[in-house]
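According to TrEMBL:
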type	residues	note
BINDING	Lys68, Leu69, Lys70, Thr184, Asn292, Phe293, Arg294, Lys312	ATP binding site
DISULFID	Cys117-Cys164	disulfide bond
DISULFID	Cys128-Cys151	disulfide bond
DISULFID	Cys134-Cys158	disulfide bond
DISULFID	Cys215-Cys225	disulfide bond
DISULFID	Cys259-Cys268	disulfide bond
CARBOHYD	Asn182	N-linked glycosylation site
TRANSMEM	30-50	transmembrane segment
TRANSMEM	338-360	transmembrane segment
Amino acid sequence: MARTWGNIFFSLLDYKTEKFVIAKNKKVGVLFRLFQLGVIGYLIGWVFLWKKGYQETEEAIQSSVITKLKGVDLTNSSQFGLQLWGAEDYVIPPQGERIFFVVTNYIVTPNQRLGYCPESPKVPDGLCNYDNECVEGETVIAGHGVKTGRCINDTGTCEIHAWCPVEHGQAPSEPLLSKAENFTIFVKNFIKFPKFSFSKSNVLPTANKTYLKTCRYDKDHHPYCPIFLVRDVINWTGYSFQDLAKKGGSVGVGIEWNCDLDKDESQCNPEYSFTRLDSSINSQNSVTSGYNFRFARYYNDAAGQTYRNLFKVYGIRFDILVNGKAGRFSIIPTVINIGSGLALMGAGVFVCDMILLYMMSKSSFYRETKFEAVTNLSTQNPQKAEKHFTCFHPENTTQTVEDFLMLNPIGFTVDV
Ligand SMILES: *[C@@H]1O[C@H](CO)[C@@H](O)[C@H](O)[C@H]1NC(C)=O
């Protein structure tokens with residue numbers, strides 16, 4: 001038994017190498033080389049050059065957006081007279097957010113006071129013929145106030161307790177703030193890729209004050225100017241200012257940062273894109289298109305009485321969406337990608353083996369050569385076998401059954 005263990009120990013120190021069968025078959029040979037070329041091409045061209053498989057990437061971009069609008073417009077509405085609109089009036093909310101609303105059109109109901117007046121005929125629940133249809137104390141569903149119990153014959157609506165007079169009228173057919181198309185939007189965007197501790201801003205360090213005062217973003221001539229003309233932004237979405245200004249709409253401005261940090265920092269620059277986010281071209285008249293809301297400004301008159309101006313504003317909502325990813329060389333993805341490429345080569349060996357051994361006209365010949373069936377050699381021709389190999393043979397070798405099974409799965413050792 002000691003001898004056996006010794007043998008096992010020494011045979012552990014043998015180095016085993018595979019024996020190859022070279023098939024002189026041009027078809028399979030060419031196929032295999034083509035497959036290898038394909039894998040190498042895929043690995044170098046697609047994985048490494050195109051997909052930058054040697055890089056570690058980060059898609060969790062941290063970003064901050066600050067906006068500022070400039071421009072004024074003087075409007076003249078029939079109910080309200082002249083009014084000057086500055087950025088503090090038409091940008092809602094005014095603090096320079098990532099999402100902001102620019103007023104382009106409005107209906108104003110000036111000088112509303114708490115009191116009694118007829119409900120608007122546009123509210124179905126406010127319509128009446130007799131007093132008993134206006135139950136005192138009931139609110140008008142989707143209306144403006146509380147019913148008083150009287151039906152007013154002139155308008156055919158209930159009298160209500162509300163801010164009077166109630167709003168009426170349509171949005172002006174020409175946007176009142178027509179100069180809004182010439183307002184400018186200054187977008188400051190700061191980004192950070194925390195994994196690489198890399199940060200940058202869309203306002204390039206080379207941009208000086210005079211440039212920033214006069215430039216307007218343009219894909220071809222001023223791709224890094226952070227100041228946008230409202231009209232241009234809307235035109236780039238495929239619509240015109242007139243389309244959106246009357247009833248309002250929603251526009252998305254995308255800022256895409258695609259940074260290869262193996263290159264110089266100056267190569268990492270934002271790319272802008274513009275889309276209309278609400279409605280499609282076919283739904284121009286649908287109830288869903290457009291964007292409006294109401295707000296009121298409250299005042300006290302000389303007698304101390306409160307009154308208010310009610311605004312229903314239509315406008316364009318801008319939504320600035322920041323996206324990005326960055327990549328930098330790293331050894332781990334490089335090794336993983338090379339490894340998976342090599343594994344793919346193994347698939348080629350398998351496929352070519354299958355074709356060679358089972359699909360060719362001479363397959364059986366190749367099979368015989370590749371697979372050697374070893375049976376008990378003493379019953380065959382021992383001389384022939386022993387010419388080249390020292391074979392397992394219980395009578396004339398020093399090997400044991402254990403040796404044979406454990407260390408020689410193929411069934412023979414090369415005699416050197
Ligand atoms: C906006 O500016 C352009 C060019 O400066 C001018 O031609 C156009 O009349 C302006 N639009 C409005 C509504 O004033």
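Residue numbering: from 1, along the chain as shown.
Keep in mind that glycine also has a Cβ here, set from the backbone N, Cα and C atoms.
A map of TrEMBL features onto the structure.
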{"residue": "Lys68", "record": "ATP binding site", "CB count, 10 Å": "14"}
{"residue": "Cys117", "record": "disulfide bond", "CB count, 10 Å": "21"}
{"residue": "Cys151", "record": "disulfide bond", "CB count, 10 Å": "21"}
{"residue": "Cys158", "record": "disulfide bond", "CB count, 10 Å": "28"}
{"residue": "Asn182", "record": "N-linked glycosylation site", "CB count, 10 Å": "14"}
{"residue": "Thr184", "record": "ATP binding site", "CB count, 10 Å": "16"}
{"residue": "Cys225", "record": "disulfide bond", "CB count, 10 Å": "19"}
{"residue": "Cys259", "record": "disulfide bond", "CB count, 10 Å": "24"}
{"residue": "Arg294", "record": "ATP binding site", "CB count, 10 Å": "12"}
{"residue": "Lys312", "record": "ATP binding site", "CB count, 10 Å": "16"}
Do me a favour and check the Cα-Cα span between Cys128 (disulfide bond) and Lys70 (ATP binding site); whole Å is fine. 49
Select, from Cys117, Cys128, Cys164, Cys259, Phe293, each of the recorded positions with a Cβ positioned under 6 A from at least one atom of ligand 1; if none does, say none. none
For Cys134 (disulfide bond), the close recorded positions (Cα within 10 Å) drawn from Cys151, Cys215, Cys225, Phe293 turn out to be Cys151
Residue numbers, six or more beyond the limits of the transmembrane segment (338-360), whose CB comes under 8 Å of its CB atoms: 23, 25, 27-28, 31-32, 35-36, 39-40, 42-43, 47, 366-367, 370
Alpha-carbon spacing, Lys70 (ATP binding site) to Cys268 (disulfide bond), which is rounded to whole Å: 28
Give me the non-local Cβ neighbours of Phe293 (ATP binding site): same chain, 6+ apart in sequence, Cβ-Cβ under 8 Å, ordered along the sequence. Lys312, Val313
If you compare CA-to-CA distances from Cys151 (disulfide bond) to each of the recorded positions Leu69, Asn182, Thr184, Asn292, which comes out shortest? Asn292
For the recorded positions Leu69, Cys128, Cys164, Cys215, Cys268, work out the Cβ neighbour count at 10 Å and name the residue with the minimum. Cys215
